[in-house]
Each structure stands twice: as C-alpha cells, then as structure tokens.
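Before any comments, here is the structure.
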C-alpha cells in the first residue's frame with residue numbers, strides 16, 4: 001500500500017483524523033508494528049506528505065491530463081496505450097538516432113561513433129528502393145548500437161523466477177528482431193518494504209537462466225525498494241534492458257514492409273502473459289502451460305536466420321515479436337509505420353499457437369489474436385519465404401505463412417483478417433484481449449469519453465514539451 005498516496009488523498013479531501021487513519025492502516029498491514037511505533041511513523045509520513053503537496057515552482061508541478069493510467073488504458077496494449085506511446089515520441093522529440101521512440105519499433109538504434117551514418121538519419125537502414133542497405137554481409141556497412149528495455153509483467157510479482165525469465169526473454173527478443181546480435185543484459189529490481197529479500201535472488205535466477213541458455217550475459221543492475229519507506233507490502237516490479245550491435249545491411253525495422261511481401265509467423269508458446277493467464281484464471285493445467293513457456297525458441301529461430309549461409313536476415317524486410325496487444329496490435333503498428341495494408345489468414349494464425357496453450361485460450365475464452373504469444377513475425381519477399389521457413393524449421397521451431405502485404409486501398413481495411421473467405425477489420429481494441437478474470441470485468445470497450453480524454457492527453461504532452469524546452473534553455477543560459 002502507498003502510504004504517502006493514501007495520506008495525500010486524505011489531506012486533499014480534507015478528511016479528519018488523518019494521522020489516526022494512517023496509524024490504523026499501518027497497524028493493520030504491518031502486524032509487527034505496535035501502537036507507539038505506528039503513531040510515530042504516521043506523524044512522519046504526514047509531515048513529509050504535506051511538505052511535498054505544498055511545494056511550488058516550475059519543476060515541481062505538471063499539467064494534469066484528467067485521465068488516469070487505467071482509464072486511458074495505458075499499459076494495456078490497445079488503442080489508448082498506442083496513442084500515449086505516439087505522444088511519448090513527441091515529448092522526447094526529434095533525435096539523431098536512426099530509430100527512436102517516434103518510430104514505434106521494438107528497439108532504439110543509434111549509429112556508433114565513427115560510422116558513416118553517425119549523424120543519424122531515421123532511415124531505418126533502407127535505400128530509396130526499400131531494400132536493406134549495405135552489402136549482404138554488412139562488411140562495408142556502418143555499425144549501429146541497438147538498445148531496448150522491457151518491464152516485467154506486473155502480475156508476476158509473486159513469482160519472481162517466472163517474471164525474471166520472461167522479461168529477460170522479452171528484452172532479448174527486442175534486440176534480435178532488429179536483425180542484431182544481443183551483447184549484454186542489465187536489470188532493475190524494485191521490491192516493496194515488506195518483500196522478502198529472497199525475491200531478488202529468485203528474480204535474478206530467472207534472468208540468469210535465460211542468460212545461460214542464450215549465452216547473453218547479465219552484466220549489471222540496480223536494486224531498490226518501491227517508494228522507500230512510504231510503500232508497505234510485498235509487491236515487486238522491475239525491468240531488463242539489453243544492448244546489441246547490427247550492420248546497416250541487417251537492420252530490420254518495421255517501416256521496411258513492402259507491398260507483395262509475405263507474412264510468416266513461428267509457433268508461439270507465450271511468456272509472461274500466458275503464464276499470468278494460466279495462474280490467475282485458476283486453470284486446471286496451469287503448471288503444464290507454464291512449463292511450455294519456459295523455452296528460448298524465439299531466440300533460437302532468429303539466431304538461425306542470422307547464422308544462415310544465405311544471410312537471410314539481410315534480405316528480410318521486417319522482424320518483430322507478437323507481444324504488445326497481440327498480432328492485431330503489431331499489425332496496426334506495422335501498417336501505420338510502413339503505410340501498407342496487411343491481410344492475415346485466421347486459419348493460419350491458429351497454427352501459430354502451441355496446442356497446449358491454444359487449448360487454454362479456448363477453454364478460458366481468451367482471444368489469442370489480442371495477446372502476446374511470443375511468436376516471431378517475419379515480413380519478407382515471397383522468393384525467400386520458403387527458405388526462411390526451412391531455416392527456422394531446421395532449428396526446431398515451426399513456422400507458417402499467415403498473410404500478405406498489399407498497397408493501401410480506398411474502401412478496404414488497413415489491417416484485415418480473412419475468415420471463411422471474407423475480410424473482417426483486424427484492429428486493436430481499446431485494451432488487449434482480456435486474459436484474467438479482472439481484465440474481463442474491466443473489458444475491452446472504448447470509454448464514451450475517450451475523445452475528450454485525448455484532448456487532455458494532448459494538452460499534457462504539449463505542456464511537457466514546453467517545460468522541457470524552457471528548462472533546457474534556462475540551463476544553457478546560465479553563466
């Protein structure tokens with residue numbers, strides 16, 4: 001529980017007996033805390049909260065959007081979340097990176113010092129004809145540094161090993177899908193005040209298991225408490241970052257998709273999302289499903305492409321992982337970035353879910369098209385598609401043709417799903433497909449005041465940009 005947030009809520013609502021109410025909460029939640037100690041803690045919390053609430057000044061305040069994280073669906077991998085991520089790119093602003101947050105890609109890419117593109121172009125590593133630039137082996141191409149970070153699944157706090165394992169996989173996936181070879185990982189772990197110290201070790205064991213299986217070392221990290229002394233409970237959160245390197249001729253950015261390409265996907269077993277669904281839905285075969293998720297098949301599949309004699313990764317236009325918002329979310333982002341139309345075959349998509357996991361989705365009535373299934377999605381010219389499939393199959397991972405890329409057409413959906421010969425619109429819902437009981441209660445429908453909330457989001461983002469520019473100028477003008 002966030003004691004500081006609770007105290008601020010009481011103060012702002014002009015509640016009576018704030019210190020007493022804080023004391024009662026502390027005693028309720030911290031069983032080992034006596035009356036006197038709880039009273040002293042409550043007084044200190046109240047003092048600090050008041051100090052923070054009433055401090056004034058430019059750097060201490062921000063323009064409110066009027067929309068909460070939950071109301072706007074932030075983190076829920078749907079329309080609201082995608083909208084905010086577009087705004088994040090605008091707040092960060094134009095950078096010298098080859099790919100940055102504005103590209104809505106899996107990772108950021110910068111030119112290494114000394115490279116011919118070190119000034120950055122936001123080109124995505126492509127020539128004017130859309131082919132990946134540089135020689136096939138990348139020998140004469142400038143090298144790029146690829147950087148990513150992934151947050152652990154928020155519902156896996158009570159299962160540190162699983163949260164560590166799956167977030168490490170996610171970070172490495174995001175490096176690999178850029179056509180890059182990961183070089184190292186880093187971690188950040190935050191555990192609330194009452195969490196057992198062993199949670200840190202179990203979480204790191206999960207990350208390290210992926211490190212040993214993949215050969216990509218975990219080299220550094222940070223460990224802190226959530227909210228310091230102000231948050232009590234056992235909640236844990238954290239992230240894993242990864243870095244890698246790639247030559248310009250190998251960079252596979254989302255904006256490289258071309259009309260005429262085929263869409264391929266591997267069989268996915270899922271990661272943190274599937275694990276969470278199995279555990280919190282009380283699924284009878286939860287242990288069996290979770291066991292299926294403990295693999296590095298995705299990493300093996302991409303590594304096979306990187307190691308292929310034909311250097312297939314230099315001929316592939318796009319690689320991505322089917323995660324945020326499921327394949328319908330990835331389709332939306334790719335269509336928007338590359339300005340093309342994607343058409344998927346629903347029957348083929350079903351093949352891309354491991355049977356044990358698919359059985360769970362069907363029994364729990366979870367739409368697999370709208371959740372992370374840990375599949376590798378490849379978009380490539382049709383002439384190399386069979387070679388890509390055979391290479392991945394040869395590494396022990398199943399892969400299928402699931403769709404095609406076309407020019408956008410007036411009167412046709414930008415992202416479409418073929419079911420029984422008929423096209424249906426295939427776009428993200430307001431939130432990802434509901435995969436736990438509480439998510440099903442909250443639902444996927446767009447709130448009626450979404451457009452009004454967007455205005456508040458826009459204003460808050462614009463205010464943040466103005467503030468950044470104002471503070472930067474102030475610092476630069478110091479004598």
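Backbone N, Cα and C define each Cβ position, glycine as well.
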Pick from 46-68, 69-91, 92-114, 115-137: which range does TrEMBL record as region 'Disordered'?
115-137
Using DSSP, tally how many residues of the domain 'PurM-like N-terminal' (143-237) sit in helix, strand and coil.
40 helix, 31 strand, 24 coil
For the domain 'PurM-like C-terminal' (258-412), report the average pLDDT of the model, please.
96
